[in-house]
Amino acid sequence: MEMQDLTSPHSRLSGSSESPSGPKLDSSHINSTSMTPNGTEVKTEPMSSSEIASTAADGSLDSFSGSALGSSSFSPRPAHPFSPPQIYPSKSYPHILPTPSSQTMAAYGQTQFTTGMQQATAYATYPQPGQPYGISSYGALWAGIKTESGLSQSQSPGQTGFLSYGTSFGTPQPGQAPYSYQMQGSSFTTSSGLYSGNNSLTNSSGFNSSQQDYPSYPGFGQGQYAQYYNSSPYPAHYMTSSNTSPTTPSTNATYQLQEPPSGVTSQAVTDPTAEYSTIHSPSTPIKETDSERLRRGSDGKSRGRGRRNNNPSPPPDSDLERVFIWDLDETIIVFHSLLTGSYANRYGRDPPTSVSLGLRMEEMIFNLADTHLFFNDLEECDQVHIDDVSSDDNGQDLSTYNFGTDGFPAAATSANLCLATGVRGGVDWMRKLAFRYRRVKEIYNTYKNNVGGLLGPAKREAWLQLRAEIEALTDSWLTLALKALSLIHSRTNCVNILVTTTQLIPALAKVLLYGLGIVFPIENIYSATKIGKESCFERIIQRFGRKVVYVVIGDGVEEEQGAKKHAMPFWRVSSHSDLMALHHALELEYL
């Protein structure tokens, strides 16, 4: 096969095919005695004549992919009459041993090397700063190298600028493998060249800090993270004691896992392909589950939390993004329009039935407020928020406290009525007022998911029957609202806030009887009876800050004007379709 190519007519070519140095050029055109078939100076280990013969006999070596060395390597010189494509039109023979090229090639006014073999950094390494596991950047430059015969192709010392290993390797060694991917504990390496022998995954040693293309990664050994991270840029299990070559298989252990520091819960990955250990750090408070919140709240006393916060706010590291401010009547529940019959007239229902259901629910609301929530004592001392008077609470145990004999009702019904702010004066009286609001808070948190247990068996059945009749009359209005409320409540970065014109105690009774306690913690309920909704919005902004997005959902003019003043988006609810559209927008995460 070689003889067929070498005997093709070339008027300026002389020499035999058995010449180790390849075909010789006519001396009338060039003084050089020989040149390599591919026109390059490649220094390799000398081979014996028997190896040359066996290599030449291998038919699979007749082709060498042109993509092996990139698009610009071994490009023909357009002005040179002895370019390799004219000598060998279709094939090149890298297995034929070259001889040192003549130094008189410079007489033709061209450099001795082609563009791909220049010492310039035309093919510099491509740094990839986004690679976290130390994959060498020069690996991508060798991705296109491919041979069909498994022939090893070593790199010449004169080719350091082409596909170089970067600044860490000053002089590439002959016979060194072109690349080695270090990928989580295993390296796809070759023994002496590209795809020579059996290609397999070998456990080669990782690069140390002096062999990396990236000389320094930021270390996390300072400050409060010292217990989680090593002080050195590379963890100990990434480093080896010996300064080995990137492709030299290591006989000693490569994976040296360090012991985690005391007090840090860590779990090492048992997969042999993993070189790092996963440290399970505690989650942030905003991401904790409901069970974790309950467990954290149960041991609150043991952590010495004595002072009460009148206006609770989210923790500093909270990632709260959106606050949904809801109106209650005619937005979440249908109550006032039942009493007036306007809902029945609008939707074609029976007005007397509607009014009857409204009156029954109103009676149940005030009965619950008077019996269990001290509404008779607190009606004239209404508060905007449940914690507004908590600063007057001395933390006394109320398990054996008798609210009926402490003298508070007599003082409340005296001529000196409560002021507009709900504060009358007197340390003793204010403490008793704070006791009642604290007891209301305890009852709400205890029975918000079990209102039937608070009502008793007889009233529980009447309450469930009334709820079912109202839902049937209102075409499941409350169910549609609860779907949107529950979706918001399930998000860790969103919160539901209730602002109602009803007094605080009756509003709490409404929330409990309509089954809304699960989506409205008592700290998120505000009464706008005394100060108006716009002032409530200002308190909410002061509580959560101005970095979050506020969305107001209601049906009235007052909440719409308050939202407009504070540049808050307003979602009007006037029908079932508005609630369904709201839930759809929440599902698509538009809100």
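Using the three backbone atoms N, Cα and C, a Cβ is placed for every residue, glycine included.
The region 'Disordered' annotation in Swiss-Prot covers 1-95 (among others).
As annotated by Swiss-Prot, compositional bias 'Polar residues' applies to 28-53 (among others).
Feature annotation from Swiss-Prot assigns compositional bias 'Pro residues' to 78-87.
Annotation comment: Swiss-Prot describes 150-169 (among others) as region 'Disordered'.
Summarising the annotation, Swiss-Prot assigns region 'Disordered' to 239-319 (among others).
Swiss-Prot lists 253-286 (among others) with the feature compositional bias 'Polar residues'.
Summarising the environment of D327 (active site, nucleophile), the number of other Cβ atoms within 10 Å of its Cβ, over all protein chains shown, is 23. In the three-state DSSP reading, D327 (active site, nucleophile) counts as coil. Residues or ranges marked as active site, nucleophile in Swiss-Prot: D327.
Sequence annotations record features per position, and here Swiss-Prot assigns active site, proton donor to D329 based on similarity to another entry. Neighbours of D329 (active site, proton donor), defined as other CB atoms within 10 A of its CB across all chains, total 18.
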